[in-house]
Amino acid sequence: MAREYPLEKTRNIGIMAHIDAGKTTTTERILFYTGRVHRMGEVHDGNATMDWMIQEQERGITITSAATTCFWRNHRINIIDTPGHVDFTVEVERSLRVLDGAVAVFCSVGGVEPQSETVWRQADKYGVPRIAYINKMDRVGADFFRGVRMIAERLGANPVPIQLPIGAEDSFQGMVDLINMKAIYYTDELGTTLDEEPIPAEMEDLVQEYREKLLEAVAESDEELMIKYLEGEELTPEEIKAGIRKATIAVKMVPVLCGSSFKNKGVQPLLDAIVDFLPAPTDVPAIQGVDPETGDEDERHSSDNEPFAALAFKIMADPYVGKLTFFRVYSGTLKSGSYVYNSTKGRRERIGRILRMHANHREEIDEAYAGDIAAAVGLKETTTGDTLCDEQHPIVLEAMEFPEPVISVAIEPKTKADQEKMSIALQKLAEEDPTFRMYTDQETGQTIISGMGELHLEIIVDRLLREFKVGAKVGRPQVAYKETIRRPVKAEGKFIRQTGGHGQYGHVIIEIEPQEPGKGYEFVNKIVGGVIPKEYIPAVDAGIQEAMANGVLAGYPVVDVRATLVDGSYHEVDSSEMAFKIAGSLAFKDAAKKAQPVLLEPVMRVEVVVPDEYMGDVIGDLNSRRGRVEGMEPRAGAQVIRAHVPLAEMFGYATDLRSRTQGRGTYVMQFDHYEEVPKNIAEEIISKRQGA
């Protein structure tokens with residue numbers, strides 16, 4: 001079957017935003033106007049098409065990014081709806097990795113909120129071209145221009161409005177199109193009929209000022225346009241659009257539009273902007289990768305004629321078809337029923353069926369082409385971030401990095417019968433979500449689950465009950481402490497056993513030293529002259545890592561250490577991998593005790609929005625939680641307090657803040673960094689752990 005839409009007419013985009021900016025509503029309206037949905041879904045009613053997991057409909061937030069295909073002006077648009085809640089940054093990170101462009105939705109009242117900053121930084125990391133859509137122009141306190149200013153100041157971007165709102169709050173009627181210089185009014189309830197009229201007289205000066213800014217930005221993107229502009233010639237709408245497209249794709253400019261998705265105003269021009277300004281797969285650079293056989297760098301261009309290469313970016317358990325693997329095809333084509341090579345795992349797998357997803361219904365397709373986003377049924381071994389490719393031309397695409405979980409809870413099944421079901425279910429959930437981990441605590445035998453925040457773990461427990469019918473009891477949340485060392489130390493590990501026949505002999509001398517925070521573990525082998533045979537070196541490394549899983553202070557994992565194997569000895573007969581593994585482990589434990597071990601705790605970036613009269617009280621409370629207040633700023637009749645607070649002090653904060661501010665305060669927090677726990681508190685934690 002030939003491809004329906006040429007690559008140039010394909011757009012792979014994400015819709016990203018803060019939690020309440022109206023992202024899901026905007027996506028719903030896009031699906032309505034592009035004809036995929038016959039009745040608009042409302043998040044308020046809990047029936048939005050994209051939010052198809054039951055938990056999402058109840059909570060009114062988007063948790064998993066559903067991929068949907070729709071059509072506008074003879075273009076195919078694949079949309080990935082991403083969650084805006086900080087506990088789900090992994091979903092955002094995954095979807096940005098496979099997108100070519102994005103629409104950032106902002107609330108006209110809140111402007112740039114903390115989650116918008118996080119998502120924006122993630123998009124910067126992957127160099128994703130963006131257009132901004134300032135939504136909720138009908139709300140009290142709507143301020144388009146403040147939104148634009150905040151995009152520049154807080155995100156360090158170059159926002160250039162290509163529309164200006166006509167009116168605001170309840171008098172918001174439409175917008176001025178600065179490219180074609182006309183006013184657009186919405187006349188019917190559903191927003192399907194647009195009236196074009198001359199620009200209102202009272203807006204002429206403002207329009208002129210912003211038209212000038214737009215022309216300047218466009219001229220800067222292209223030398224020919226710059227010459228034309230400087231010579232005072234009029235630029236045609238086509239030239240302006242071409243200039244905006246060029247600057248947007250080069251991530252030198254962010255075109256800004258406005259609207260009110262809920263009131264059905266502004267969505268069609270947004271669709272036009274997606275088609276006009278966001279890149280096709282052919283506009284973005286070739287995807288980089290590595291040839292797994294030679295280790296050489298390699299790349300794949302967006303073309304059906306190159307060897308097949310795709311990235312699996314999401315795994316979902318589907319009640320009807322089993323495991324669904326969402327993937328983005330970067331090059332080549334893939335037929336259903338064919339075999340692919342998973343180069344990350346070095347395994348060959350068979351693709352059963354290929355599905356194109358529309359929020360929660362699906363159509364089966366025979367073949368996926370370069371630039372497509374689709375879901376495969378039948379891949380057993382593939383997990384998030386794996387590369388699928390042609391076995392004759394293997395390539396490993398750069399995988400994604402996911403943040404470490406910061407919060408853990410002990411979980412136990414309500415009945416004996418649930419025990420086995422629970423571990424299978426948790427295993428499946430961990431496959432879907434790389435920021436969710438499960439392990440068994442060696443000392444207590446409890447099952448511990450860890451994730452990115454309280455909401456994240458709540459939803460996991462909720463899914464256990466609904467999808468897997470496993471009842472579970474959850475303990476109190478625990479902080480994921482870590483340990484590290486503060487000074488370099490040399491130590492020796494000897495494991496010698498003489499029993500009848502073969503004995504055991506392993507002897508190593510290692511040096512350990514602190515690495516800078518976040519650098520992780522590094523093993524360096526400096527053995528020369530074969531004092532320890534080559535085949536035993538990996539065993540020493542494994543032994544050290546095993547010892548690092550349980551630190552010397554309180555049994556927490558040790559991080560940011562470089563271990564160097566400098567010397568040792570072996571025995572012709574008695575040495576074995578096992579003996580060297582134990583020697584490595586003993587050496588590390590001994591070294592860590594002498595290397596000034598310290599306890600680290602996760603510190604969160606917290607942003608609290610409260611009415612003025614509660615500000616003093618809330619700041620006092622943050623200080624009492626060992627918080628450092630970094631700054632404050634007024635926002636729409638309230639105060640925004642930014643602070644860094646240890647996670648250990650933030651449990652139950654939501655309830656506390658509600659009672660302190662009579663339900664008027666809100667807050668968001670996300671992981672920022674690890675830092676050393678103050679001595680007196682560290683002693684308490686250690687004695688509790690040892691007492692347990």
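Numbering starts at 1 and runs along the chain as displayed.
Each residue, glycine too, has its Cβ placed from N, Cα and C.
Quick caveat, the model's predicted, so the values are computed rather than measured.
Sequence-distant neighbours of MET137 (GTP binding site) (same chain, 6+ apart, CB under 8 A from its CB) are SER108, PHE144, PRO165, ALA168, GLU169, PHE172, CYS258, GLY259, SER260, LYS265, GLY266. Sequence annotations record features per position, and here Swiss-Prot assigns GTP binding site to 17-24, 81-85, 135-138 based on sequence analysis.
If you look up Swiss-Prot, you'll see 8-282 marked as domain 'tr-type G'.
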**Complete:** For ALA17 (GTP binding site), the three-state DSSP class is strand
**Asked** Given the binding-site residues ALA17, ASP20, which one's Cβ is surrounded by the fewest other Cβ atoms within 10 Å?
**Response** ASP20
